[in-house]
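Enquirer: Sharing a structure, written as structure tokens. Questions coming.
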Amino acid sequence: MALQYKYYKYYFLTLGVIVLDQIVKLLVHFKMDFGYPGQIRIFDDWFKLYYTTNPGMAFGFELGIPYGKLILSLFRIIAMVAISVYLYRLAKKDMAPGMLWCIALILGGAIGNVIDSTFYGVLLNNAPDGSSTPWFHGQVIDMFYIDIWEGRLPEWIPIFGGEHYAFWPIFNIADAAIFIGVCVILIWQKRFFKDADKEESVTEKAENN
């Protein structure tokens, strides 16, 4: 039982991210008006709840190609399966717990957005107009709006200099889980792998004795 918990505790975090993400998305869908009329200011105009949908990737990015949404949905499903298997294999190899918790966050975020892409076109009828089928064409629900900066870029910046630019990402809990997991791995990856080497060394010594 203890051995199973060693693996499954990370999937419990993944499940928690999925449940929280879906609860918040459905509350936003059923309780908030879409767009500007339904926005709720939390910290003035800097941070607010703002109901919008995103047919593309995290933070509102899209694939501007034919069948881009279908390709993205299928890619998300493949990534979800790959990350799930990867997490299990790393847990069996005694990878550093911090690394495993981060991957569990990423997996939860990936599954959360896969649910939107796969089912929301049918369940919430939010597939974009012209979609060949509502399946795999559902739009992801976003709600956290952060107005970081808006203004004119300096002239000395190549290509975009002098252009008006607004940076205000809108995201959801799944996006946040993925972002946090990736950032922590990038920052602490050396420490994670050092810890994993120590765990492997201790395990080998115990087995030899």
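Cβ atoms are placed via backbone N, Cα and C, with glycine included.
TrEMBL labels come from automatic prediction, so no person has curated them.
Not my notes, these are from TrEMBL:
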type	residues	note
TRANSMEM	7-28	transmembrane segment
TRANSMEM	70-88	transmembrane segment
TRANSMEM	100-123	transmembrane segment
ACT_SITE	Asp142	active site
TRANSMEM	166-188	transmembrane segment
ACT_SITE	Asp175	active site
Enquirer: Could you tally the C-beta atoms, other than its own, that fall within 10 angstroms of the C-beta of Asp142 (active site)?
Expert: 24
Enquirer: I need the CA-to-CA distance for Asp175 (active site) versus Asp142 (active site), whole Å please.
Expert: 9
Enquirer: Would you identify the secondary structure of Asp142 (active site) according to DSSP, in three states?
Expert: strand
Enquirer: How many other Cβ atoms sit within 10 Å of the Cβ of Asp175 (active site)?
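Expert: The answer is 23 other Cβ atoms.
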